[in-house]
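Listed features, source TrEMBL:
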- 1-30: region 'Disordered' (REGION)
- 7-18: compositional bias 'Basic residues' (COMPBIAS)
- 19-29: compositional bias 'Basic and acidic residues' (COMPBIAS)
- 42-327: domain 'SAC3/GANP/THP3 conserved' (DOMAIN)
- 68-96: region 'Disordered' (REGION)
- 68-84: compositional bias 'Basic and acidic residues' (COMPBIAS)
Amino acid sequence: MSSEWHHSRRGRGHRHKEQGRANRERVVEQKVSVPHGTCMTMCPAYELRQREAQNRLHRFEMVAGTEQDRLPRADASRAVKEYSRPAAGKDSTRASDLRPPSVLLKTVHYLVDDIAVSSTFQPWTEVYSFVFDRLRSVRQDLIIQRVSGPDCVAVLEKSVRFLLYASYRLCGQQLQYFDPRINDTHLQECLSWLLESYRDGKHQHQEEFQALSLLYNLGSTQAIQHVLELPERIRSSPAVQLALAVSRAHMERNPVRLLRLAQRLDFIQVCAVHRHLLPCRRDLLMLYSHGHSSRNCRYPLQRLARLLFLKDGLAAELCEVYGVNVTGEWVNFSKSSFTVAPSGDLHCRRLHEPQDDEQWNCSASSVIHGCA
């Protein structure tokens, strides 16, 4: 019986060793099978020839003067690899079709510097569609090659900035031109991937993006918990501390404090928080309509506009939408006339600061590169 027990024990030990060896072999095999891109251009030569022959070039990728030809010619210096969904039987891991990290980062710089901020390429809804797709393709190449480290972080940071900026600039556009839910899905995925990448070590812009994630996700207990678990050096940075203060004001339903804090945010931070500002402004008007309700009491419009973080004219329009009476430079609050459901169409975009295309493009360059 003892002999059988020892034999059984030796058998189990042998099986465990074999299983461990098999696991190690699988890990080695997985490491070996990870492809490494060899394509040194923004668009692989095979795809470029194929899309040219199939007339699938975007107009931003065509040789100037051939746009009206039956088959426009591809400009190899401007063509960028399309995003393509993984399909059964399709090999997406060929080294010649994958761009190494340095080329991916160069591609992102091209998309920002030569397309997103260009005054030549208009309308910006089309610019967004093109850059959105090509950035998605860049991230796809990163995933297939399991890229990590500084180049991956740099690509993700610029992707997050671009998507945040687009969510602000294109807010209120028709769905055929801009779908905020799709943009949000990709933005959340990029943020999640980026914050996970920060765990690998110190990164120059970590405080900025930890703050942006919290501002974009106001009201999320998960986002707050994540920030509270950060190392002290990051948690105590000015950007994160300001974002935490905004988050507390939001959780406490204190619209006056939140909007006052919002005036200390820089442009990209406003892009991140702007989707929360319209409900906050509505809550402030409701609060004042009840707290200052009086037939004989008048409130200065200019002072209210400062509280709302709006110009006087836009503040007056917002008041009228919610049933708050504005006469000249004065506001008359009445809890009976205030309506939670706005009359007519009210879009968040209507309350953005008006800027012409040149100003928008200048903002895009500094914002996406992180210079603002």
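Any Cβ shown, glycine's included, is placed from N, Cα and C.
Confidence annotation: the domain 'SAC3/GANP/THP3 conserved' (42-327) carries a mean pLDDT of 94 in the model. Helix, strand and coil counts from DSSP across the region 'Disordered' (68-96) read 2 helix, 1 strand, 26 coil.
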